[in-house]
Structures are given as structure tokens and as C-alpha cells.
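What Swiss-Prot says about this one:
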BINDING   Ser252, Gln289, His355, Asp387, Ala388, Asp389  FAD binding site
REGION    592-620  region 'Disordered'
MOTIF     82-87  motif 'LIR 2'
MOTIF     255-260  motif 'LIR 4'
MOTIF     379-384  motif 'LIR 8'
MOTIF     395-400  motif 'LIR 9'
MOTIF     430-435  motif 'LIR 11'
Amino acid sequence: MGVNAVHWFRKGLRLHDNPALRECIQGADTVRCVYILDPWFAGSSNVGINRWRFLLQCLEDLDANLRKLNSRLFVIRGQPADVFPRLFKEWNIAKLSIEYDSEPFGKERDAAIKKLASEAGVEVIVRISHTLYDLDKIIELNGGQPPLTYKRFQTLISRMEPLEMPVETITPEVMKKCTTPVSDDHDEKYGVPSLEELGFDTDGLPSAVWPGGETEALTRLERHLERKAWVANFERPRMNANSLLASPTGLSPYLRFGCLSCRLFYFKLTDLYKKVKKNSSPPLSLYGQLLWREFFYTAATNNPRFDKMEGNPICVQIPWDKNPEALAKWAEGRTGFPWIDAIMTQLRQEGWIHHLARHAVACFLTRGDLWISWEEGMKVFEELLLDADWSVNAGSWMWLSCSSFFQQFFHCYCPVGFGRRTDPNGDYIRRYLPVLRGFPAKYIYDPWNAPESIQKAAKCIIGVNYPKPMVNHAEASRLNIERMKQIYQQLSRYRGLGLLATVPSNPNGNGNGGLMGYSPGESISGCGSTGGAQLGAGDGHSVVQSCALGDSHTGTSGVQQQGYCQASSILHYAHGDNQQSHLLQAGRTALGTGISAGKRPNPEEETQSVGPKVQRQSTN
């Protein structure tokens with residue numbers, strides 16, 4: 001009897017640089033490539049139509065490429081734990097290959113399948129190819145803890161063995177005598193389903209801005225490397241109006257689904273740099289997008305609560321407001337701030353927004369204006385973003401909300417000034433918010449300030465055709481900076497933490513706070529006269545600090561107060577490469593100095609202002 005093998009695709013939807021599939025084929029007489037449509041997809045069933053379409057296009061492209069090898073993709077619906085015992089028997093399987101999944105829910109799922117395979121006498125092949133490095137080795141090198149500063153992470157990877165080269169693409173020569181049994185009714189049994197078959201209404205669905213699949217990914221990679229201006233200098237391009245639109249060289253969704261190998265991208269960048277720079281060694285900053293991705297993967301791999309505030313050992317427990325109405329306005333692009341609303345509209349329509357646009361809307365939702373938990377924003381991104389990745393998405397939201405990977409909280413993106421500096425003419429606003437198309441550039445970012453005559457000429461009356469701003473940004477950001485400052489001051493009382501290394505006496509002053517990001521940010525200007533704190537241009541490489549608080553409790557005023565649980569674990573990761581952690585035994589302590597009494601701002605609004613009144617909190 002021959003050796004029958006199965007390769008299970010999850011991420012890694014490609015034939016290039018697929019070491020698990022390549023090893024599976026070696027010594028096998030038959031191989032079947034399967035994809036299981038299951039509730040574990042992306043760690044959540046909260047997936048929008050654009051993401052489902054991208055996935056199905058990836059599967060169709062994979063099936064087309066397998067056909068060139070006289071093979072096919074077998075798409076099977078169900079739970080892996082139910083599907084595999086049946087397949088092992090029905091197909092008489094001897095070995096199963098998978099790409100290593102570093103995320104906690106993926107590791108749990110794979111452990112269960114390995115157990116079933118062992119019981120069935122099936123050999124399991126697991127190979128790392130979704131990340132550049134073996135994340136467990138990074139953690140081991142750091143004394144068993146994930147590095148929580150980007151600088152520390154860079155130090156660790158510089159000590160590791162050089163990366164392995166990508167493995168050869170699966171070709172007919174690689175397949176040799178290994179065949180795939182395909183029945184006449186394959187498409188009926190195992191074909192890639194349509195969106196309609198999955199229950200989606202596709203009436204009026206515009207064509208995809210980002211076509212899915214390995215073929216498109218490799219084409220984009222070549223375009224990416226050919227960009228003349230970028231290749232010449234290897235510098236981050238400056239932010240401008242065109243940066244906000246989907247680029248034909250964009251790669252993030254393809255890296256997320258594994259249509260493009262991160263190792264192939266890494267080595268293509270390396271080769272190009274050496275060719276242009278005459279064999280000089282490339283700096284780590286060349287690989288910024290890939291290394292930030294790796295950094296968040298490492299931070300998340302052993303933390304199943306990484307996407308939660310409660311129970312997450314690296315997340316500050318901040319008493320965010322619960323405000324479903326305000327959350328819905330933000331998610332649906334109805335905040336009354338054209339810059340924020342245009343970004344959220346683009347996200348919902350196309351499934352992608354520029355990483356600095358992500359920062360702007362994340363800041364607005366959390367510490368900037370609405371004081372709503374980063375978890376809520378993360379869920380919206382998880383639904384709508386094509387490149388939403390469990391580790392990177394959660395890590396990025398924690399960072400920008402100042403809940404972890406500490407950023408200077410007194411920097412705040414202005415929902416008027418930031419957009420105006422990026423796209424002074426407002427073309428981006430007109431593209432995604434056609435209701436505002438008639439406004440002149442002077443008023444398109446703050447149309448509520450336009451005289452009535454201009455609003456009438458634009459055929460858009462603010463408060464009728466387009467909403468009034470839901471908050472007064474200058475007041476809301478000032479109040480929220482103060483709230484965050486007091487939370488961190490409370491933490492800093494436990495000396496040795498040094499969490500407020502640089503809290504300015506003037507929180508509206510300039511500074512060089514790093515920009516949170518999956519991809520280091522371009523040089524930008526922040527808010528000035530339009531209200532809110534100024535944002536210094538940064539490269540995304542600032543020292544990252546993190547700490548964990550204990551439980552919250554409610555004080556006598558009815559306002560949730562921040563406290564420490566008995567024997568709470570507070571972690572501190574010091575500046576630079578020297579990383580230390582301290583276990584502090586602290587009694588229950590409420591937040592010390594309270595926030596000045598007063599209402600949340602309520603400027604020119606038709607609805608109630610966001611959040612409850614903030615009452616003075618007493619010292620315990």
C-alpha cells in the first residue's frame with residue numbers, strides 16, 4: 001500500500017515557501033490539500049463580507065495553482081476535530097502536515113488534532129513559515145518572557161541564527177510521482193463555495209479593491225520592489241493624500257492570509273538593498289513592517305487573554321466608558337468629524353485604511369475623544385479589515401489606547417488638523433463622503449464652522465444632511481489626557497516602575513512620542529491650533545513600556561475607580577535593553593487625586609454628550 005498524505009491549509013495559502021507541504025509530499029504516493037471552513041477562522045466568527053470574499057478568492061487561486069500540478073484543493077465544512085477522524089479513515093492517511101500557528105487558540109486547536117492523529121496512527125509534520133523566527137526561541141532567549149519593548153526585541157533577534165532561506169516553490173518536478181485522487185464530482189463535494197452559498201447578500205457589492213490570492217500577492221511584491229523612488233533611497237515615504245488610498249503595491253492582507261511568504265519578502269528586500277547599496281548590510285529598519293508583526297506575534301503567543309483587558313497581564317485596567325450609541329456613530333462613520341467618518345467609510349467599503357488613518361480613528365475612540373475601550377474598536381477592525389490579524393490587531397489597539405506597549409498619552413491626534421495637513425484640498429473627504437463634496441477646502445474638515453450661505457451652496461446643512469460633531473475635541477482630549485495622566489501617576493507611586501518618565505507639566509506641549517504601528521509611520525505633522533495635543537513626528541521605534549494593574553472596583557460615588565487587587569502582579573519593563581520585572585505586594589488602593597468635577601463636553605450637539613458626568617473621586 002502507498003503512503004497517503006494530507007496537507008491542511010489555514011493561513012499559508014500559497015505554494016511558494018511552504019516547507020510543511022513540501023515535506024508532506026516527499027515520500028508520499030498521494031497528497032490531498034484541504035481547507036476546512038470552520039468557526040476558528042481568524043479566531044472569531046466576527047468576519048465581514050470583504051474579508052470572506054478575500055479568503056474565497058485566495059482559495060480559488062490556490063485551487064487554480066494546484067490544478068497546474070494535476071491536483072485540487074478540497075474545501076470541507078465543519079469542525080476540524082469532527083472532520084479529521086473521518087478523513088483519516090476514509091482516505092487511509094499516514095501523515096498530516098500543517099504550518100505552525102503561534103496564536104493561543106491555534107495552538108489549542110492543533111494540539112487536539114495532533115492527539116486525534118496520534119490515536120489514528122498518523123504522523124504529524126509541523127513547520128514554521130508564517131513568522132520569520134521561532135517565537136519560542138525568542139522568548140527562551142529572554143528568560144522565558146516575551147520582550148515587551150521593540151528595542152529589546154531587536155536586540156534578541158540580532159543574537160539569533162540567520163534566517164533560513166525560503167524553500168523551493170511546489171512544482172510538477174517537486175510533486176514527481178505524488179498524485180492527488182480527484183473524483184468526477186469534486187466540485188460538488190469539495191469546491192470553493194460562493195459568498196451566496198455562505199449566506200451573504202451580494203446585491204450592490206462593488207468589485208474588490210484588493211483581489212485575493214498568491215498570484216496577485218507575487219505580482220504586487222514585484223511592483224512593491226520596483227517602486228523607483230522607494231528603491232532609490234530606502235526611506236519611508238512622506239505621508240500625503242495619495243497615501244490614504246489603496247495602493248497596487250500594498251501587501252498587508254497577503255501577509256495576513258499567508259498568500260505571500262514573509263521570508264520571501266524579507267530576502268527580496270535584502271537582495272534589492274544589497275544590489276542598490278553595493279553589498280552593504282541592510283539596517284533593521286528596512287524590515288519594519290515585518291518586524292513589528294513579529295514583535296506582536298511574540299508578545300501574544302503565550303497569552304490567550306491578549307485581546308482582552310481583564311485578565312491580561314500586560315494590559316492596564318482602565319475604567320473606560322460604556323456608550324453603545326457613541327460606539328455605533330464611530331463604527332458607522334457618523335461622528336460629525338469628516339476626517340474620522342471618511343476613514344471609517346473607506347474601511348467599511350474597501351476593507352483597508354492607511355496605518356496612520358488607523359491611528360487617528362483608534363485614538364478618537366479611546367483616549368482621544370470618546371474614552372471607549374480599545375476592545376470595542378478591535379472588534380470592529382476584526383470584522384472589517386482584510387489584514388486584521390489577532391495578535392497585531394490587539395497589540396496595536398492596546399498600544400494606541402495607552403493600555404500597553406506604553407506610548408506618551410499626552411500626544412493626541414486631532415480629528416481636524418491631522419487630516420487637513422495630510423490632504424489640504426480634502427479630496428479624500430469628497431471621495432468617501434460625497435455629501436460634503438460641495439464644501440470648499442477651507443471648511444471641509446470642520447464644516448460646522450462654515451457660514452450658512454456656504455452650507456446652502458454646498459447643499460449640505462450641518463445637523464440636517466450631515467451630523468454635527470459629537471464631541472468638542474479640544475475639551476474631550478484635554479479631559480481624557482488628564483484622566484490617563486492620573487491613572488499613570490497612580491501607577492508611578494509604586495517606585496521602580498518609572499511609568500511616567502516624561503510626563504510634561506504642559507500636556508499640550510511638543511514631544512517625540514513614537515507612533516504605534518504595524519508599519520513604522522511616515523513623517524507627519526500633528527494637531528496645532530485646532531485643539532488637542534501636538535503629535536511629534538516619530539518612527540514607531542520608541543521604547544515600549546508595559547504594566548499590569550489589579551481589579552477595578554466601584555467607589556461610593558458610583559464612578560468606577562481603579563484599584564489594585566491583593567498581591568497584584570505589576571510588571572515593569574525598563575528603558576533600553578535591560579528588562580526587569582517586579583512583583584509588588586500591594587493592598588487595595590483607589591485612584592488618588594480625583595478628576596475635577598464637571599460634565600463631558602456637549603458642543604452644538606443634537607444628542608447627549610458622550611459618557612456620564614465625571615464626578616470627583618475621593619481618596620481612599
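Cβ atoms are placed via backbone N, Cα and C, with glycine included.
Of the listed binding-site residues, namely Asp387, Asp389, the sparsest Cβ surroundings within 10 Å are found at Asp387. For the recorded site, His355 (FAD binding site), the DSSP three-state label reads helix.
Taking Cβ pairs closer than 8 Å, the motif 'LIR 2' (82-87) reaches residues 6, 34, 36, 76, 93, 96, 113, 116-117, 120 in its own chain, all 6 or more past its ends. Residues of the same chain lying 6 or more positions beyond the ends of the motif 'LIR 11' (430-435) and with a Cβ under 8 Å from any Cβ of it are 333, 338, 341-343, 345-346, 349, 444, 460, 465-466. Mean pLDDT across the motif 'LIR 2' (82-87) comes to 97 in this model.
For Ala388 (FAD binding site), other Cβ atoms within 10 Å of its Cβ number 26.
Secondary structure from DSSP puts Gln289 (FAD binding site) in a helix.
Look at Asp389 (FAD binding site): DSSP puts it in coil. Helix first, then strand, then coil: DSSP counts for the motif 'LIR 4' (255-260) stand at 2 helix, 0 strand, 4 coil.
As a summary of secondary structure, the motif 'LIR 8' (379-384) carries 6 helix, 0 strand, 0 coil according to DSSP. Considering only the residues assigned to FAD binding, Ser252, Gln289, His355, Asp387, Ala388, Asp389, the longest pairwise Cα distance works out to 14 Å. Under DSSP, residues within the motif 'LIR 9' (395-400) fall into helix, strand and coil as 6 helix, 0 strand, 0 coil. Cβ neighbours within 10 Å of His355 (FAD binding site), excluding its own Cβ and spanning all shown chains: 23. According to DSSP, the motif 'LIR 11' (430-435) comprises 5 helix, 0 strand, 1 coil.
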